[in-house]
Amino acid sequence: MNIIAIAVGAAIGANLRYSLSIWAAQRWGASFPYGTLIVNVIGSFAIGFVLVLATTRLSLSDTARLLIVTGLLGGFTTFSSLSFETYTLVTSGSWMAAGLYVLSSFGLGIAGVFLGAGVARVLP
């Protein structure tokens, strides 16, 4: 059941991301990734909101949490996960780990894009 919940949430989240990105490009143009920026900010807000609510005020089942957080928000943006994990490190007092996590995530992520692009360019 959990796999189905994640799949349903991911399908919804990915379609929301696509729709929002198309809308933003039509509204403001495609020269800047407005859609991705909007998705990442909304997703970061949503994961913080949902997970704090789920642990303080609501009683979500594991399946519901997986559908919303792992599926929907994971399909919408993985940036929200990075943001919430950074929040968790900071609020637990692990400032150095949070800084290292953010810098390494962005640094290695960007390096991965360049590496992947480089490998793709040299393929026959």
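A Cβ is built for glycine as well, from the same backbone N, Cα and C atoms used for every other residue.
The Na(+) binding site annotation in Swiss-Prot covers Gly74, Thr77 and rests on sequence analysis. Its Cβ taken as reference, Gly74 (Na(+) binding site) is surrounded by 20 other Cβ atoms within 10 Å in the chains shown.
With a threshold of 8 Å between CB atoms, the same-chain residues lying at least 6 positions outside the transmembrane segment (3-23) that come near it are 35-36, 38-39, 42, 63-64, 66-68, 70-77. What Swiss-Prot records for 3-23 (among others) is transmembrane segment.
Summarising the annotation, Swiss-Prot assigns transmembrane segment to 34-54 (among others) and lists sequence analysis as the type of evidence.
Sequence-distant neighbours of the transmembrane segment (66-86) (same chain, 6+ residues past either end, Cβ-Cβ under 8 Å): 2, 5-14, 16-17, 39-40, 42-44, 46-48, 50-51, 60, 98, 101-102, 105. Per Swiss-Prot, transmembrane segment is recorded for 66-86 (among others), and the stated evidence type is sequence analysis.
If you look up Swiss-Prot, you'll see 100-120 (among others) marked as transmembrane segment.
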Chain residues in Cβ proximity to the transmembrane segment (34-54) (below 8 Å; excluding those fewer than six residues from its ends, i.e. six or more beyond): 17, 20-25, 27-28, 60, 65, 68-69, 73, 76-77, 79-81, 83-84, 87
Kindly assign Gly74 (Na(+) binding site) to one of the three DSSP-derived states: helix, strand or coil. helix
Measuring CB to CB from Thr77 (Na(+) binding site), give everything in the same chain under 8 Å that is also at least six residues away in sequence. Gly13, Arg17, Val39, Asn40, Ile42, Gly43, Ser44
